């Protein structure tokens, strides 16, 4: 049975997808079999956009599991939080369906890197947040952060939330995306 590692971030657009793809590639280079999974994807149709990015970084084609929908059991067209996207499409997100997909992947691969949607506290369904899901499944976490304004606060709050809930944080990955405002970097006293 493979090891499942959950990858989440301090916010949306913090670079979780890039970090997930890079970590998957690193594990592959170490000789491990690895698959990435997207818990829920909003803002696209059919194959989850984030999986396409993962596969490009990994240097592989879409997998059989991608084409079967196992690596992203829920895809919604409207770009918003998962619970709202599901509501707009009159669908219900069930944790058991995601868990079943993850378990099937873990039977085949050494590592399953399960990427969340948005930040830790985003509701993935009407009843629960991503943090609830991580805690319920006792997944270890890689937290992705960045250098954007407010990230120190968001990172510390996220780590505190994990500590309070007994979630094991394997590492904090700093992602250089988005890039710093060049004016602030070159002339920090200009503002």
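A Cβ is built for glycine as well, from the same backbone N, Cα and C atoms used for every other residue.
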Query raised in the report: Which single residue out of 12, 17, 145, 155 does Swiss-Prot record at the Mg(2+) site shared with 50, 115?
Result: 17
Report summary line: Integer Å value for the Cα distance linking residue 118 (ATP binding site) with residue 42 (substrate binding site) is 10
Query raised in the report: What is the separation, in Å, between the Cα atoms of residue 50 (ATP binding site) and residue 38 (active site)?
Result: 7
Report task. Kindly assign residue 17 (ATP binding site) to one of the three DSSP-derived states: helix, strand or coil. Result -> helix
Requested in this report: Pick out which of the binding-site residues 116, 118 has the most other Cβ atoms within 10 Å of its own Cβ.
Outcome: 116
